[in-house]
Structures are given as C-alpha cells and as structure tokens.
Amino acid sequence: MKRFSPAELSRYLLTGQLSRRGCLHARLPRIPGRAPFRPTQARTFSAQVDTATSLPPNSTVVPLRKQLKDQAKALKATGKKKKKNADNQTVPGWELTVGIEIHAQLNTARKLFSPAATSFNDRPNSHVALFDVAMPGSQPLFQPETLIPAVRAALALNCAIQPVSRFDRKHYFHWDQPSGYQITQYYHPFARDGRIALHARDGIASEDGDGVEIGIKQVQMEQDTAKTTAQPGEVHWLDFNRVGLPLVEIITLPQIRHPATAAAFVRKVQMLLNSVDACVSGMEAGGLRADVNVSVRRTEDVASGPLGTRTEIKNLSSFKAVEDAIIAERDRQIAVLEAGGVVEGETRGWSLGSTETRRLRGKEGEVDYRYMPDPDLGPVVIGEDLVGHLASSMGVLPDAEIDELVGTYGLSSKDALSLMLLDDGARVQYFYNVLEALEERLGLAREAEYDQRHALLAANWCLHELGKLTDLASDLGMTPDGECQVPSADLAAILSHLHRSEITAKVAKDLLWSVFRGEITAGGVTQTIDAANLWFKELSEQEYAELADQVVEGEDKVMGEFLRFKRGKAKAYPQGKLMFLVGKMMRAGPEQQMDPASAERVLRARIESVYLPALEAS
Amino acid sequence: MSARGRPRLRLRHVRPSTQQQHRLLNHFVSRVPEPTEEQQQQQPQPPPPPTPPFRFTLAVKDNISTTTSPAAAAAAHPTTCASPFLTTYHAPFEATIVTQLRARGARLVGKTNLDEFGMGSHSTHSALGAVAQEPQDPSNNDEKNILQVSAGGSSGGSAVAVATGEADVALGTDTGGSVRLPAAYCGVVGYKPSYGMLSRFGVVPYANSLDTVGLLAPGVGRIGELVFEDGGLWAEHDPRDPTSLSVAARRRCAQGRVGYATAASAAGAAAGGWEGRAVGEGLLRGLRLGIPLEYNIEELDPRIRDAWAQAAKKLQEEFGARVVPVSLPSTRHALAAYYVIAPAEASSNLAKYDGVRYGVRDTEAASDAAGGVLYAASRGKGFGDEVKRRILLGSYTLSSEAMDNYFIKAQRVRRLVRRDFNRVFALDNPLHERETFDLTDLDESIAMEDKWGPEEVDFLLCPTAPTLAPRLEDVMNQTPVDAYMNDVFTVPASLAGLPAISIPMPVASGIAGEVAGGSGTAGLQLIGQYWDDARLLAVADAVSKTLLGTIPAR
C-alpha cells in the first residue's frame with residue numbers, strides 16, 4: 001500500500017483535499033468545497049468526475065455515507081434486498097434499448113488544432129497555443145498526425161474510413177471552452193458503419209447467449225475542453241493544457257438490450273483502443289468517458305412500434321457505473337410508464353453508489369448547438385494508402401489474441417481476458433517474456449508438439465501469484481514492454497525449477513516474494529536456492545510410510561470410513577478423509593522435501609495393504 | 001438589455017492630428033508618434049533586427065493585430081475592434097500582413113476607427129464614435145455648419161487616413177465590401193484581393209469564409225507594387241492561416257494569368273517596375289468589359305448611373321475596349337444570402353467574448369448554472385447594437401429549426417452566385433471544375449455569341465455603391481436594412497471570393513445640399529476572375545488614369 005506523507009494526510013483530514021496523483025485521484029477526482037473538521041461528521045465527497053462535455057454539476061452534494069445509509073434504510077423499509085445485477089438484466093414485459101457514446105483521448109504528441117504538446121500532469125497552463133485560448137485573430141491548424149491513432153481506433157472498431165470528412169462548430173457557453181464552441185465532426189464524421197462482436201467471455205448478459213454484435217454508427221474527432229479543478233469557496237481553477245486535446249467520440253446504434261452487455265461493450269472498446277495504441281489511458285484514469293441513451297417499451301410494442309422516449313445519462317466514468325445507471329434508469333422509466341406517466345426526453349446524471357439517476361436538465365433547457373461548418377478548416381481527405389498502411393500494421397487484435405491464449409496455451413477465457421486487460425496490456429507482454437525465457441530454460445521448441453503445462457503454469461503465476469504480491473498494480477512498476485519489479489528472467493528461473501519439480505510450490509512462492517522485495521539480485525535465483533539449500537530432496541518411500549504410520553495413529557474412526565467403503569457400505573471412496581490425512585502428513589514431515597502427490601500415493605497404498613487388513617483382523 | 005443607447009466609450013490615446021479640421025473626423029483609434037531624431041539616435045544597445053529603409057506610412061484598421069515594439073512602449077496601441085469588449089486588449093502577436101508590410105518599408109502611423117468588428121457600412125457603429133470624412137469645402141470651417149459626411153464602412157477610418165494624406169497605404173478588411181465602399185465614398189482606391197491570397201492570421205474574424213485583407217491607397221500604383229512587384233505579397237503563403245493558399249496552389253492558379261512574376265521573367269522585370277512589366281500600352285484595346293444588367297437597379301442614383309455609362313462609353317470609344325452586357329441572374333439573392341451567412345459566422349466567432357477573458361464581467365449575475373445568466377449579462381453590456389443585431393440574426397439562422405431554410409439555402413445561393421461569375425468570365429476559375437451552364441434564366445436582352453452562349457468577358461464594370469456618400473445625419477436615421485442596401489454591388493464578389501477594386505470616377509456636380517464623396521467622385525468597381533488580380537490592378541490603373549486624366553490629385 002502506498003504510504004502518504006504527513007502533510008498529505010493532514011490536508012486530507014483537515015480540509016478534505018486529496019492528492020491529485022495516484023490511485024485516489026482516479027477514484028475521486030474532484031473534492032468540492034471545504035468542510036470543517038468534526039470527528040463525528042463524515043467527509044463530503046462528490047463523485048462527480050471532471051466533466052468534459054456536460055454542463056456544470058448539480059450543486060447539492062449529499063455526503064456519501066449519508067447516501068448509503070439512506071439507501072439501506074429505504075431498502076429495509078420496502079422489505080426488499082438489492083438484487084444482484086446478474087439477476088437483474090431483464091424486466092418481464094419490457095424491452096430495454098441502449099445506445100452508447102464513448103469519448104476517448106487520442107494518443108498523440110500534439111493537440112488537434114495547434115502544435116502545442118499534449119500532456120497529462122504537467123504544470124498547469126504550460127502547453128497552450130494562441131488558438132487554444134481563442135486569442136482574437138488566431139486560427140486553427142489541423143495536425144495531421146492526430147489522424148494516425150484516430151484511424152487506428154476506427155479500424156479496430158471495423159469502421160469504414162470516409163475519404164472526406166469535415167469539422168463543424170458546436171456552440172455552447174462554458175468557462176472551460178474559450179472559443180464558445182467545440183470543433184467536432186457532426187455532418188461528416190471520418191468513420192462510419194463499424195461493429196464490435198461481443199462474446200460470452202467479454203461478460204455480456206447471459207440472456208445475450210454466446211455472442212452479440214453491436215453496430216457503431218460513427219466515429220468522429222473532436223476537441224477536449226479545459227480541466228476544471230474546484231477550489232474552496234466558489235473558486236474554480238482552469239488548466240488549459242487539456243483544451244484542444246484530440247478526442248474520438250464513438251457512437252453506437254441503439255442495439256444493446258441488456259445492462260451487463262453495455263458495460264461489456266465499453267470494456268471491450270477500451271481494450272480495443274488499448275491494443276492498437278490509440279488511446280492515452282483507460283476509463284479508471286479518466287481517459288475514457290461514456291454517455292448512455294436509455295429507453296424502454298412494452299414487449300407487445302416491439303414488433304410494431306417505434307422505440308420509447310430516450311433519456312441520456314452523461315459522464316459515466318466506470319464500467320460498473322454504466323451497468324448500474326442503466327438498470328436504475330430502466331427501472332425508473334418503467335415505474336413512470338406503469339403509473340400512467342410519460343417519459344420525458346431529458347439529460348440525467350448519475351453518482352457512484354446511488355440507486356437513482358437524477359435530472360440535470362429537460363428538453364426546454366436543452367442547448368441548441370447551432371452546428372455550423374467551421375469556415376477556417378478545409379475538409380480532411382484520408383487517402384486509401386494511409387488506411388491500408390495502418391490496417392496492415394495494426395498487429396493482432398484482442399479477440400484473436402484471446403483465442404490464441406485459450407487455444408494454444410490452454411488458459412481459461414476469463415484468465416486470458418484478465419491477462420490482456422491488466423496494466424493497460426503490459427501484463428500479457430510480461431507473460432510472453434516469461435514464457436519465452438522459460439521455454440529457453442526448459443529447452444522447448446515452439447514448433448514441437450505443444451505441451452500446455454508450462455505455459456499454463458507461467459500464466460497462472462503472471463496473473464495470480466504476481467497479483468498476490470501487492471494490492472496496487474502500480475507497485476509492480478510494469479513497463480509497456482512487459483518488465484517489472486520481478487524481472488521476467490527471474491520468474492522464468494523460478495518456474496523452470498518448479499516445473500521440473502526441483503523445488504516445491506511453497507519454496508517457489510517464497511522466492512517470488514524475495515525477488516519482489518529485492519532480496520535476491522537479478523539472475524540470482526538459482527544461487528539463492530543453492531545457498532539456502534532449498535532444493536527439493538524428496539523423502540524416500542520408507543520415510544513416507546513412517547510418516548503415514550505416525551499420522552494414522554489414533555485415527556480409528558477415520559479408518560472406519562475406509563473400511564465401510566471396502567465392504568461396499570459406502571458408495572464413494574472417502575477422498576476427503578484421505579486428503580485430511582495427507583494434510584496431517586505434510587504438517588508432520590519436512591514440507592520442503594515432500595510432494596503431496598507422493599504422500600497421497602503412499603498413504604493410499606498403505607491403507608489398502610496395511611491398515612485396513614490390520615483393522616479387519618482386530 | 002441596458003437602458004443606455006449605443007455605447008460611446010471615449011478612448012483616445014493620442015488626440016487626432018494637429019490639423020484642426022481633422023479633429024472632427026475621428027478616424028484614428030490610436031496613433032504612433034513619429035520617431036524624433038533624438039529617439040532614433042538613442043537606440044537601445046542590443047540593436048533591434050535591421051529595419052528596412054522607410055518607404056511609406058501605413059495606417060492599420062483596428063481589427064488587425066499589431067504589437068508595440070519595446071522602444072515605442074510609451075505609445076502602446078491596443079487592438080480594440082472598436083468594441084467595448086476589447087478596449088484594453090493588447091495583442092501578444094502581430095498580424096502576418098503587418099509584418100509583411102513592415103518588411104517592405106512600412107512605418108505604422110496608427111490604428112484606424114471602424115464599425116465594431118467590421119459590422120457596418122458607414123463606420124458609425126463604433127464604441128469610439130462615428131467616423132466622418134473631410135468636408136468638401138474646407139473654407140467653410142465653422143464647426144457648427146460643417147456637413148458631416150459618411151466615410152463608408154467598415155474600414156472608414158482607413159479610407160479617411162488615406163484621403164487626408166496621413167497614410168500612404170492603409171489596411172482594411174473586406175467582408176462584403178468594407179474596403180471598397182469607404183474607398184468609393186472617400187475618393188480613394190480600395191482593393192479586395194482574391195480570397196486566400198493575403199494572410200488573415202491576426203485579423204479578428206467577422207465572417208471567416210468572406211473576410212479578406214484589403215489595401216487602400218490614393219492610386220492603384222502603390223497597391224500594385226506591393227502585391228505584384230518582385231517579392232510581391234501575392235506569392236507568400238502563411239502557414240499560420242489555414243485558408244492561405246499553398247505555394248503550389250498559388251503557382252497553379254497563376255498559370256495562364258497575366259502579370260504574375262515567374263522565375264523566368266523576374267530578372268527582366270526588375271528594371272521596369274510593376275506598371276511597365278505588367279501590361280503597358282494598349283492594354284485596354286480589345287479588352288472585354290461586362291456590364292451586369294442586374295446591377296442597374298431602381299435605387300441606383302441617376303448621377304452614378306450616368307457616370308457609369310459615361311465611363312463605359314469613354315473606354316469603348318476612345319480606348320478600344322469592348323463593352324458587353326452580361327447577366328448575373330443570382331445577383332438579386334446575393335445580398336440576402338450574404339446577410340444570412342455573414343451574421344451566422346459572426347455569431348460563432350463572437351462567442352468567445354463572454355466577459356470571462358475579455359471585457360468586463362457582470363459580477364452581479366455570477367452563475368451560469370441552468371437558468372443562470374453569467375454570459376448573457378456580460379455580452380448584453382459588452383456589444384454594440386449592430387453587433388447584437390447580427391449575433392441574434394446569426395444565432396437564429398443557425399438554430400435547428402431555421403438552419404435548412406436560411407443557412408443551407410444561403411450557401412446554395414452562394415454557389416449560384418459563383419456560377420454566374422464563372423459563366424461570364426472568359427478565364428476559368430482554377431478552384432473549380434469547368435461546368436456547363438443552363439442558359440434559360442439569362443436576361444432576354446443578352447445576345448448569344450454562338451450556340452454555346454453569350455460572349456465572355458475579362459472584367460465586370462459596375463458602380464461600387466448605389467449612392468454617393470450620405471450625410472451622417474441621414475445615416476443615423478436609416479433603418480438597418482437601408483444600410484445593408486449599400487452593399488448590394490460589393491457582396492457578390494465577396495461571396496464568390498473574387499478580386500475586386502474600387503477606383504474613383506468623376507460624377508456630375510451635385511444638386512445643392514447633396515454631397516458627392518470628399519473628392520467629388522463616386523466609386524467604379526472592377527471585378528475579375530479568381531486570381532486574375534495582377535491584370536485587374538493593371539487594368540484598374542489604366543482605367544483610372546483614363547477617367548481622371550492623371551493619377552488622382554491626392
């Protein structure tokens with residue numbers, strides 16, 4: 001766990017300010033207001049995320065703890081327990097329709113319309129060109145290199161790249177937008193008609209079966225807005241480093257029918273964008289935001305009628321929020337309709353952990369964006385050659401990679417997916433590094449008949465054992481090329497000994513900890529085993545037998561179970577009892593010299609040949 | 001909205017000219033004092049970049065960004081656009097066109113008054129008060145009795161600065177005639193280049209797709225030298241202006257055009273100078289000048305109609321030009337289309353002035369939450385009436401319910417206007433594919449040259465404005481639509497992005513009480529095909545000399 005400096009802690013405790021860096025920032029990006037310190041009072045946190053496209057947040061903030069309390073109370077009062085999401089994907093008699101808009105920050109060196117550098121946590125207002133702050137007389141200069149990640153993203157989403165696209169101005173007033181309009185693509189986006197295949201392993205609702213395909217209406221490029229940081233006392237600080245950063249907006253067709261599938265879709269988009277290196281950071285770090293459009297209609301209207309009136313929920317910043325907000329909004333709309341009411345087309349908001357969406361503004365408060373082609377910007381012409389080159393250099397897309405992990409290496413699809421998603425895709429690279437080093441050590445040739453055992457072992461350790469080392473993935477220090485605190489060569493060394501049964505699993509785990517803590521220098525695994533004499537020298541059959549004898553002593557009742565099976569009085573072999581005795585053996589003996597499998601084999605044989613006959617005889 | 005009328009913010013950094021008669025003209029927003037010899041000797045130790053030798057004085061319209069050199073910090077001049085929003089705005093960078101002219105020996109004498117953000121036809125909608133041009137009869141110098149006459153707009157200050165001789169050249173901006181109209185009223189030359197030729201970087205935009213930087217001068221010659229002599233402005237691409245034509249496109253457009261210095265001819269032309277090289281004697285002989293029938297409107301002042309006819313007759317009979325009637329059927333819709341497109345773009349461009357970064361923030365209405373009016377109050381106070389009118393107009397025509405009926409239709413009209421021009425000009429428009437034209441909507445009086453259509457022409461010859469310069473008193477009583485009417489002859493070339501120039505032409509002396517321009521002339525406009533600027537200026541020079549005998553006296 002990360003250690004906080006006293007100064008940082010006191011800022012948090014006394015003024016409710018959180019560090020802007022690290023994991024906490026990702027979870028609670030904005031702490032509005034200052035609350036006086038009273039031991040009995042809960043901190044007031046708003047879960048509102050820095051908004052890019054929405055209008056300012058609702059100003060009333062309910063303390064999270066109070067909110068949770070009230071929620072629990074309300075549930076108790078109705079006598080209902082909160083349903084699990086997995087059991088709450090459909091409502092009988094109603095059909096849900098969801099469309100999603102995802103905003104993702106493109107991975108580029110420059111802003112969309114100025115040569116200012118893109119940055120994440122640099123000194124505020126240090127990367128700002130004249131045009132970014134709309135100085136009178138300054139003009140936009142389209143940066144063609146922003147097309148590279150944008151086109152890659154669109155190709156990963158199976159879109160048709162449009163040879164000609166155009167930029168439009170979308171007008172609305174907000175302090176985070178210096179020019180009074182956002183330059184976006186509205187009439188002529190650069191990519192259209194894409195689709196994403198979602199499989200069961202992506203975590204879609206079970207009602208969607210093995211897979212479902214979601215159509216993508218269009219992908220467009222647009223400018224980001226300035227970053228607002230709330231300060232105590234009605235003061236907002238603006239960082240124009242973010243203004244003008246290039247975003248892509250991905251708009252789906254209204255084809256999603258279940259909340260879990262919507263969350264799976266957003267997760268998959270993030271994975272696809274990552275895999276083609278189009279996107280700066282994931283949803284949890286604020287590089288990806290989703291708006292969802294939700295409508296419901298009665299199942300008997302499905303064949304004939306149009307879709308119900310939709311509402312839009314803005315700025316969802318986690319996969320869970322996407323699913324929860326859709327469920328809440330669906331239930332609200334159904335309740336309104338069942339009570340004879342009418343669903344209003346409006347914009348709503350969602351706070352983490354709540355059970356209801358809240359109204360932000362209705363149709364009458366809707367801004368007329370007055371879209372207009374930007375007269376300073378010519379059309380963007382994207383050549384076939386560029387598209388062809390980017391398509392051919394994209395590498396393996398996630399679905400193909402998961403298929404390979406499952407098919408060739410024998411991973412479960414869940415593990416394969418986790419491996420791909422962790423550390424923004426660096427974990428799977430680490431796995432490949434470990435596997436390569438391991439195969440070299442074991443002298444295995446790839447072409448040979450592929451034995452999955454060592455690959456599976458490597459995958460399990462890269463995923464689960466490595467994950468046990470720390471709560472925070474960032475502590476591993478994983479680099480994009482797949483190296484971390486535990487060098488892949490050292491993990492491969494540990495695993496090669498384990499695979500050959502030269503050390504026990506327990507010793508292997510201890511070694512991993514030592515490497516992680518830096519107690520073993522790089523490349524020193526085998527030496528350490530030598531020095532500490534950790535090699536696995538297995539007990540002889542005789543020694544196992546002696547241990548067995550020792551353990552069985554006084555376990556007559558357990559032996560009775562085996563006897564009952566032998567006499568045909570019990571149907572199943574008492575395997576549980578056997579393993580219980582094996583466990584006792586392991587504890588009684590020198591564990592690092594024992595293999596549970598050998599212990600089991602010897603014990604079983606002795607039960608048959610020695611103990612039961614003895615028992616029957618007595 | 002505030003109860004006040006038009007905001008009249010008195011901002012005078014330097015009192016206008018020492019000449020008493022100039023005091024009433026109000027044509028400068030700020031002035032740069034002439035460097036004294038003492039100052040020139042006391043140059044600071046780290047020598048500034050070598051300045052080219054002084055060649056001419058330059059006045060710059062105050063919607064074009066200028067910076068102040070450290071040496072002249074005492075005379076810092078803001079870039080106000082004549083708007084209350086920008087009274088204290090000092091641009092941190094200089095417009096490309098100003099830098100280019102400084103490099104050619106310009107010395108800045110001041111920033112000139114205008115209609116706020118360039119929106120107006122008489123330079124009356126200024127936070128600094130209206131501009132007036134020099135009275136016709138300077139002997140009658142009784143302040144109370146002076147007839148104050150419109151200088152035209154929106155570059156009125158620039159036109160007056162040239163007319164009074166305070167600047168050899170003045171920069172203006174021409175969106176729908178804002179350089180040509182004041183030139184016509186003030187009896188000077190106003191040139192609007194092809195769209196994309198001169199850089200707009202640093203020009204505060206009014207309507208980007210129409211805005212051009214224009215030049216005003218007493219005669220055509222100086223303008224021709226600056227734009228087309230060796231190292232002329234026409235060839236310079238500005239990478240900071242996305243609508244500035246690339247060097248390759250400039251070369252391509254210049255192919256087959258007369259008067260563009262090419263690598264081959266540059267050496268030979270060096271001796272001759274602009275006039276000598278470009279065309280020379282007999283330029284007008286055989287030149288085909290089109291008289292657009294649709295421009296002979298009811299509202300046209302009879303004196304101007306006569307002068308126009310006289311000019312055409314003189315060019316035909318005495319100088320061998322061919323005068324041909326032509327038809328531009330879309331002309332009648334052009335003005336309406338302009339007043340949809342320009343305000344739409346203006347409403348967008350002016351969205352940045354919200355009191356947060358510019359102007360005064362109305363702190364009483366501090367919320368911009370739903371229903372809040374943070375920006376509304378600040379913008380209501382910070383803009384003048386004409387600007388507010390155009391913002392409202394533009395916001396409406398872009399709104400989702402009006403978009404199709406106004407903005408989209410206006411863009412269609414714009415295409416038709418351009419097509420009209422392409423049909424009458426003998427030269428092709430290098431920006432568009434050649435098209436075939438439907439002849440059914442042509443005026444019946446147009447004679448067919450052959451089965452393909454009527455005779456094609458080199459230039460169009462028409463008045464710049466339908467009336468002579470009106471009195472300011474009358475202008476103040478006009479409705480906005482009356483004022484918009486003044487742009488009827490200048491707007492079509494702007495919509496099509498074509499080069500056009502207004503030169504003085506003599507008019508018969510007025511009836512008592514009526515006022516011709518300060519010089520007793522009206523504006524004669526020549527419009528050419530896209531990128532035919534070099535020949536346009538050469539022909540305008542020749543016509544100008546023909547009509548006035550010599551280069552205009554002033």
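Note: Cβ is positioned from N, Cα and C throughout, glycine not excepted.
As written in TrEMBL, here are the features:
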type     : residues  : note
ACT_SITE : B:LYS61   : active site, charge relay system
ACT_SITE : B:SER154  : active site, charge relay system
ACT_SITE : B:SER178  : active site, acyl-ester intermediate
COMPBIAS : B:44-53   : compositional bias 'Pro residues'
DOMAIN   : B:57-261  : domain 'Amidase'
DOMAIN   : B:283-537 : domain 'Amidase'
REGION   : B:33-54   : region 'Disordered'
REGION   : B:132-152 : region 'Disordered'
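This view paints the features noted in TrEMBL onto the structure.
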{"residue": "B:LYS61", "record": "active site, charge relay system", "CB count, 10 Å": "32"}
{"residue": "B:SER154", "record": "active site, charge relay system", "CB count, 10 Å": "36"}
{"residue": "B:SER178", "record": "active site, acyl-ester intermediate", "CB count, 10 Å": "37"}
In whole Å, note down how far the CA of B:SER178 (active site, acyl-ester intermediate) lies from the CA of B:SER154 (active site, charge relay system).
5
Whole-number Å only: compute the distance from the Cα of B:LYS61 (active site, charge relay system) to the Cα of the residue listed as 'active site, acyl-ester intermediate'.
11
State the mean pLDDT for the domain 'Amidase' (B:283-537).
87
Conformational class of the residue listed as 'active site, acyl-ester intermediate' under the three-state DSSP mapping:
coil
